[in-house]
Amino acid sequence: MNIHEYQAKALLREFGVPVSRGVPVLKASEAEAAAETLGGPVWVVKSQIHAGGRGKGKFKEASAGDKGGVRLAKSIDEVKQFASQMLGATLVTVQTGPAGKQVNRLYIEEGSDIDKEFYLSALVDRETSRVAFVVSTEGGVNIEDVAHTSPEKIVSFSVDPATGVMSHHGRTVAKALGLRGDLGKQAEKLVAQLYNAFIAKDMALLEINPLVVTRQGELRVLDAKVSFDDNALYRHPDAVALRDESEEDAKEIEASRFDLSYVALDGQIGCMVNGAGLAMATMDIIKLYGMSPANFLDVGGGATKDKVAAAFKIITADPNVKGILVNIFGGIMKCDVIAEGVVAAVKQVGLNVPLVVRLEGTNVDAGKKIIRESGLNVLPADDLDDAAQKIVKAVKG
């Protein structure tokens, strides 16, 4: 689960992390009071959306002006002007796609006198099963681009959970960033604070880009992105309260209500599969035959008829879906339950695109019989390869 920048900074402030002062606003009329509270003489007006690249982004509406989603204001009048232009407008960035995202919140922040910019993040390293830090002298840019063009400028290390963060971890960061003396000590302290926040709040990602050195010789977090581990949210009702569903895909929200593992993608073939491994294999073979999946959807091993029906409705609600592939290998999951759910959903919402169903495993004959006797226009498949070829052919016509 992601949260907004201003929420992330408020959370980090609780752990002593040095962040700039700021005030979130939901209405343009609140901008003046926010700016006066901060005092100036320079303010930064930041769009709050769950996507990166805001500064280089562009608004769709001409009324929002030709500047990006992060703007420097040198007067309170400019703060008010930018707030009026940006709130309610649609910001398009490299991460939003062409549709963009509507800006419903702004963060008015005090300006910083920046000397240097760095990159620093903490994340879960799946290879070592530890929290890892990633550090780079290239701040304020996309870290993936740095990894591609200048990998030697990235330093990473993991933290042993038995010891937790230690002073040498902070010194590693300081050395990687060329920070000495008091700034080196600040880096040591910051790494410990970030690690403590990461562990205490069960984060999946904590990204600071950029981390800056001000001309006053202070380390400061200028931008922060926090993502929580969804599986640990039950332990953090305070984090759940920060959720902004308007920033999330409506289909993913609906899927979460039925405990379905669903991720929206950009393709045209909807997929309903049981098991993450089989789901990924299904997506791969669709790509192999020349098309792209519209989603990742794992119904799990113990799905009920209602859960399967909900999954099917979520897929059909996507206007980009031009065909659907149901691929089930029944172990704990029974093929007849899948069949009943699919039939029930189709009868409720209709079927306007080709549907290919491949069933194998527990109660497969009963499942195939339910599909066959339903009267629905369903293309049966004998195996995964056959299913993929049939749905691609049906969609391409």
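Placement of Cβ uses the backbone N, Cα and C atoms for every residue, glycine included.
Among the candidates ASN209, ASN231, ASN274, ASN377, the residue that Swiss-Prot names alongside GLY331, ILE332, MET333 for the substrate site is ASN274.
Proximity of GLU117 (ATP binding site) to non-local residues of its own chain (separation of 6 or more, Cβ distance below 8 Å) is seen for GLY139, GLY140, PRO210, LEU211, VAL212, LEU222, given in sequence order. Taking the C-alpha positions, the distance from GLY53 (ATP binding site) to ASN209 (Mg(2+) binding site) comes to 11 Å. Note on the domain 'ATP-grasp' (9-254): its mean pLDDT in the predicted model is 95. If you draw a 10 Å sphere around the CB of ASP223 (Mg(2+) binding site), it holds 23 other CB atoms from the protein chains shown.
In sequence order, GLY275, GLY300, GLY301, GLY302, ILE328, PHE329, GLY330, LYS334, GLY361, THR362 are the same-chain residues whose CB sits within 8 A of the CB centroid of ASN274, GLY331, ILE332, MET333, the residues recorded for substrate being left out. Binding residues for substrate (ASN274, GLY331, ILE332, MET333) extend across at most 10 Å, taking the greatest CA-CA distance. In sequence order, LYS46, SER47, GLY68, GLY69, VAL70, LEU91, THR93 constitute the residues six or more apart from ARG54 (ATP binding site) in its chain with CB-CB distances below 8 Å.
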